[in-house]
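Per TrEMBL, these features apply:
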type	residues	note
TRANSMEM	20-49	transmembrane segment
DOMAIN	32-149	domain 'DUF4131'
TRANSMEM	58-80	transmembrane segment
DOMAIN	222-495	domain 'ComEC/Rec2-related protein'
TRANSMEM	246-270	transmembrane segment
TRANSMEM	282-311	transmembrane segment
TRANSMEM	331-355	transmembrane segment
TRANSMEM	376-398	transmembrane segment
TRANSMEM	418-438	transmembrane segment
TRANSMEM	445-464	transmembrane segment
TRANSMEM	476-496	transmembrane segment
TRANSMEM	503-522	transmembrane segment
Amino acid sequence: MENPDIDRPAVHIGFPFFAALFVASFFGAPFAAVSAVLLFAAVFLLFLFKQHRQRPNFVLSLIATAAAFAVFAVAMHLFVLPTERYDGGTYTVTGNVESFLTKSNGRFYYKLHVTHIDEPVQDVDFSVRLSHSEAFPAEIGDTVTCEAKFFAFEDSLGLSPRTSWLADNMVLSAYVTDYESVQVTPAEKRPFSYYVNQIRTHFHNLILENYPKTEGSVLSAMLLGLRNDMETELVSAYKKAGASHILAISGMHMAILTQFTLGFLGLLGLKRRPAALVSAVFTLLFMFVSGLSASVVRSGIMQLILLFGILLGRQAEPLNSLAVAVLTMSLLNPFCAGDVSLLFSFSATLGIILLAPRITKAITKNIRKPQRKAHLAKLVSAFSVSFSAVLFTAPLQLYLYGTVQFVSVLTSLLVLEISAWLLRFGLIAALLLAVPVLSPCAAPFVFLSGICVKAQNFIITLIAEHIPGTLRISGKYLPVTVVICVLFFTLSVLLYRRKNKALPCVLTVCILLCGMSANALLSQSAARLVVFRTDYAACTAIITNTSAEVLGCSGNAASVETALRANGAEQITLLLVQPDEKSIRCAEKLAQLFEVKQILVPDTVYYPAENAAFYDFSYVGVLPSGSFTVTDSGETVTVTVNGTEIYLETKRSTSLSHDTDILVTEKPQNAVSAPFTILKTNGIIEDTEASLSPGAYLFMTEHESIRLDFDERGTYTVYGG
């Protein structure tokens, strides 16, 4: 008798392989090596028993899992760990530019494939993320020689910057220590990626030249994956409305464009198989032009499998296609499972494949008339797809951000059809504009796609401004609620597997919603002091409900925004600007990312904002959560919350000797004394323990934040991590 499961070998290989790589990325190379040995031993033992040899799919999945752990461990020990020995060193390096120039928070970034290092002289083979405050004239393929200092990406248990950059084939970060040392040698022969990027840039410029700025920037993001020209407020609105996936090229974009190309060629009279071949070539070219991000590659492979199925006269099975896509990517890059965008893309696609058809079928099953049933199914499918994607990406959203954006279901329902026509009209317009003879014919399609962008932006902005899009769970409520959900779901599956398979899912979602609602209610009565610090950003703020008073910020504004939103901030009632360039830049960016009611700037600093109020060295103000005092040229802040005094000090300030309830400082020895002290440092306890006076200390390592919650009585609780 034939085993019915053998017809899906890709599923039993691809999914376990990708899942194992994700687990390995989460726990690290030592765990992967031990797991590989144990699983290969288990496979050997299984082959000794005949009854297990009759279950080929289980054995196949076990072998795939063991192989993935082994591949990850070997790749780490051969390519990553030897390269990380350069961490902290300054070298004269030579390498080739692999990607186009990007800019973020005042710095310019290049992906550099390092081929040679001096002192000691040696040939190497790895890629780094090279940065400097000034751009140098290097294009893809050019050879760059410079003096650079290497740093390993921050690593911790779980998804970290290290796993994310490894997924993009970058092992280390580096910055140019001496700009005068930079030497650029133009390439004699440009790589293929250079010409692809030239085409991408050409289309980007065509779109911006023929559309208004707002409409052109959105269309460029959806067609080419280039968001740099989008207004910060509009990007923030898309985030709030749960519509960021519309701007990122993913499965939705690839499916719409591929099916549109296939159908359009059919209308021109081309037979189905030749049309599929032409569509496959177009899909492949589009993958390159749109940037070859992880989500683009995943969705592109699935569309290519679909088109090759048409060429061979067979129908592609979605689950198999997804498995082949992730398996292909995993074999090409064993670190790809650390890419957050790929994880979201994979989770959403898996949910759409497994759950969306069942939801549509359940809603339409009682409709008897075929025509009415077909119309209802078309209407319901948008909801089914959106809800399935949100549900399957919810665990990842909870883990990374502590939120679930249920409003994205509503957003998708309202703009999905508009987005589809926007992509179709926009694609035709871009192709016609690229041919000078045909460019006049592009006018109607430019107009129609522009109208679609306006409608899409209007709906998304309306939702972002008037509908609370997220339920949040954080701090002490997050682990408790998630653990309860997992345990309850497991018990429910065991108890109700045969009676009602939907019940565990429904009850688990209800518990999660209750936990998040309780989190929102319990957090309303507390003012939270957030101290956030990384190598690239820092922020100190008081958050009451959804309003933040930012008492200090510097560095990467995107990281500061993430920290504020992770602690519930939706608007800034006070933005206190510190008198240094990094703080001013960060504050300017935050003012674009949030609605800011009041800005306070030292009277010695120029700040380009109409609503900015300037203060001198002894400014006293009142916040919803308490009073504050600005002293010492704006470098030190004293905050009083419900009678509890907090003293915030930067490393450059000169403080007077006095007592306070809570001290936040960067100095191990300080003139200010407090029963509770937060020492902001990247060092370890053993390095500074001897120089500290007795007291309660809480150390911060990089990429961690500390939160103090104040209740109505003025007492506080400390949360770290």
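Backbone N, Cα and C atoms are what each Cβ position is placed from, and that goes for glycine too.
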Listed stretch, out of 246-270, 282-311, 331-355, 418-438, that has the most CB pairs under 8 angstroms to the transmembrane segment (58-80): 331-355
Same-chain residue ranges lying at least 6 outside the transmembrane segment (445-464) that approach it to Cβ under 8 Å: 210-212, 214-215, 218-219, 234, 236-238, 240-241, 243, 246, 407, 410-411, 414-415, 418-419, 421-422, 425-426, 428-429, 432-433
Cβ pairs under 8 Å between the transmembrane segment (20-49) and the transmembrane segment (331-355), at least three: yes
Within the predicted model, mean pLDDT of the domain 'ComEC/Rec2-related protein' (222-495): 80
The transmembrane segment (246-270) vs the transmembrane segment (418-438): 3 or more CB pairs under 8 Å: yes
Close approaches to the transmembrane segment (418-438) from elsewhere in its chain (Cβ under 8 angstroms; 6 or more beyond its ends): 202-203, 206-207, 210, 219, 222-223, 246, 252-253, 256-257, 260, 445-446, 448-449, 452-453, 455-456, 459
DSSP residue counts for the domain 'DUF4131' (32-149), split into helix, strand and coil: 48 helix, 40 strand, 30 coil
